[in-house]
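Taken from Swiss-Prot, the feature ATP binding site covers Glu12, Val13, Gly14, Lys15, Thr16, Val17, Asp51, Glu112, Gly113, Ala114, Gly115. Residues annotated as Mg(2+) binding site in Swiss-Prot, with sequence analysis given as evidence: Thr16, Asp51, Glu112. According to Swiss-Prot, the feature active site maps to Lys37, an assignment based on sequence analysis. Here Swiss-Prot flags Ser41 as substrate binding site.
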Amino acid sequence: MSGFFITATDTEVGKTVVAGAIAGVFRELGYNVGVYKPLQSGHVASNPEGDAARLKSLSGVPTQENEICPYSIEEPLAPRLAMKRAGRVVKLKEITDYYNGLLKEFNSLFVEGAGGLAVPYTEDALVIDFAKELQLPLIVVARPTLGTVNHTVLTIAYAKAHGLTVAGVILSGCKECEMERVQENKEMIEELSGVPVLGLLPFFAGEFTKEEVLESAKEHIMISKLEEFIQNESNVAGAPSM
């Protein structure tokens, strides 16, 4: 199995933008990368405002939104609760089997969870249980401001306690006027967790284009460090890029 599992310290911290942007950059580099978000609540997969649509747009993958996200619910709740209220049951094996099916099309997959690692996910699993099934290195997306050191260090400790590898942290939504504090938070996270902060992604105000996001990712995220993980797993694109 190859790729990354993108998780976060909380919801609405920029996880989807980070996942889509990194996938898009890797595809530009020639890697046969796909994106996968098994469960989505808050929007159905086809909604252009939803995460699946944003992942498709930023990454440039050929798969459709309902293939990127096979299980989606309109109600904005934790996925397990949203599915339960809608009378639907999704099990861990289903989303893991779907992942394995996507690997027939892509050499690597960037998988986005929902919220943080302890979120109730499928009927029988938390997000972290899914991450453990895949055994992909984690990218933790976090806020850059007050409270992020505690949340990020706890997330990393929880992941490590469950035997997961954390590739790095990306602080998302960094504003120029706050950069001194952001830099201090970055250094503290690295010191306390032993995990590198691989990027300080700027805050995107209003509407933004794919090109703007990908260029920002190239400038502000250490793509080469992430590339080492893919190469070490012998997953440089051997199939044609799509």
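Using the three backbone atoms N, Cα and C, a Cβ is placed for every residue, glycine included.
Between the alpha carbons (Cα) of Gly113 (ATP binding site) and Ser41 (substrate binding site) lies a span of roughly 11 Å.
Residues Glu12, Val13, Gly14, Lys15, Thr16, Val17, Asp51, Glu112, Gly113, Ala114, Gly115 are the ones the record ties to ATP, and the longest Cα gap between any two of them is 13 Å. The two recorded residues, Gly14 (ATP binding site) and Glu112 (Mg(2+) binding site), have Cα atoms 11 Å apart.
Within 10 Å of Thr16 (ATP binding site), counting CA to CA, the recorded positions Lys37, Ser41, Glu112 contribute Lys37, Glu112. DSSP classifies Thr16 (ATP binding site) as helix under the three-state reduction. Of all the binding-site residues listed (Gly14, Gly113, Gly115), Gly113 sits in the most crowded Cβ setting, with the most other Cβ atoms within 10 Å.
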